[in-house]
Amino acid sequence: MRIEEDLKLGFKDVLIRPKRSTLKSRSDVELERQFTFKHSGQTWSGVPIIAANMDTVGTFEMAQALAGFDILTAVHKHYTVEEWAAFINTASADVLKHVMVSTGTSDADFEKTVQILALDPALNFVCIDVANGYSEHFVQFVAKAREAWPTKTICAGNVVTGEMCEELILSGADIVKVGIGPGSVCTTRVKTGVGYPQLSAVIECADAAHGLGGMIVSDGGCTMPGDVAKAFGGGADFVMLGGMLAGHEESGGSVVEENGEKFMLFYGMSSESAMNRHVGGVAKYRAAEGKTVKLPLRGPVGNTARDILGGLRSACTYVGASRLKELTKRTTFIRVQEQENRIFNSL
């Protein structure tokens, strides 16, 4: 047993210090980035935000809507090959450019992903997702995926420490997914006592990944556009959003009605709701590590996407970053004990 004395921080613990700026307008800020990935050699340009691979977020409908904003969608792994084929037949090449194919690490997952990727060469992203990216089996699966798909861009996670980021990048991952427990419907931290404050995880993992020519995506912990800006400021190359994109027309959750008001169900992918839906219930040897919430219907996701991108542009103007790429270089975090004036929050 050992105790690390260093203070670890989440998004709520900091604000970004404003700096002099020569920008005249938020419209002067360029949010699009261009990346060439370490292993695949592929080049991609777009806004580096990803809709999470949850079945109440990462839907085909979400991918269609967010592609119009140049945003990626990690489509959840529970669609069948036939459903993928139907989607590809109606989707444009521009939409497919903004799609990640998600998979688990079982043999069945691998075989299904092989079939999906064979449907269209425009599917260039694979998202290998497990709750705990620290297992030897997971590292071996990433290496297997790299061997099978040498020209596909592979995103793999989740982990929260630099040495594991390095391990995954050396095993074939182009992008490492960072985050254990920060999600809005994740209960891993309270069920297991395991986790890592998200901002510190991003800063440390970005440092490790960039040293090897890899990249990271900050997955979880964002509750507002300012948190997205903080994740990019901390060094994240991409930011993945779940709860912020849930509850919309494109989100895919079941709609329930209470007292004349309609709500959409949103749940974590390790929740009892998810396991009942996809694997026939919670196995006797495990506990559910997610919760189910009812969200008021939020309308089309486009309005939320515009709000997030507008907040991100504004953050860049406050620190003088004319491009999103410059935000991390111009970010100075200050530790705080309050984020906002809450006097009217209950109204």
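Glycine too: its Cβ is placed from the backbone N, Cα and C atoms.
Remember, it's a predicted structure, so these values are computed and weren't measured experimentally.
Taken from Swiss-Prot as is:
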type: ACT_SITE; residues: CYS186; note: active site, thioimidate intermediate
type: BINDING; residues: 108-131, 216-239; note: NADP(+) binding site
type: BINDING; residues: GLY181, GLY183; note: K(+) binding site
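Features recorded in Swiss-Prot, as mapped to the structure shown.
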residue	record	DSSP (3 states)
ALA108	NADP(+) binding site	helix
VAL114	NADP(+) binding site	helix
ASP120	NADP(+) binding site	coil
GLY181	K(+) binding site	coil
CYS186	active site, thioimidate intermediate	strand
ILE216	NADP(+) binding site	strand
CYS222	NADP(+) binding site	coil
VAL228	NADP(+) binding site	helix
GLY234	NADP(+) binding site	coil
What's the CA to CA span in angstrom from VAL114 (NADP(+) binding site) over to GLY183 (K(+) binding site)? 29
VAL114 (NADP(+) binding site) CB neighbourhood, other CB atoms within 10 A: 13
With an 8 Å cut-off on Cβ-Cβ distance and a minimum sequence separation of at least 6, pull the same-chain contacts of ASP120 (NADP(+) binding site), or say none. ILE88, LEU96
Taking the Cα of GLY183 (K(+) binding site) as the centre, which of the binding-site residues listed as ALA108, VAL126, ILE216, CYS222, VAL228, GLY234 lie within 10 Å of it? CYS222
Taking every protein chain shown into account, which of the binding-site residues GLY181, GLY183 has the largest tally of Cβ atoms within 10 Å of its Cβ? GLY183
So among the binding-site residues VAL228, GLY234, who's got the most Cβ atoms within 10 Å? GLY234
Neighbour count first, Cβ atoms within 10 Å, every protein chain included; then name which of CYS186, ILE216, CYS222 tops the list of recorded positions. ILE216
For the binding-site residues ALA108, VAL126, which one has the sparsest Cβ surroundings, going by other Cβ atoms within 10 Å? ALA108
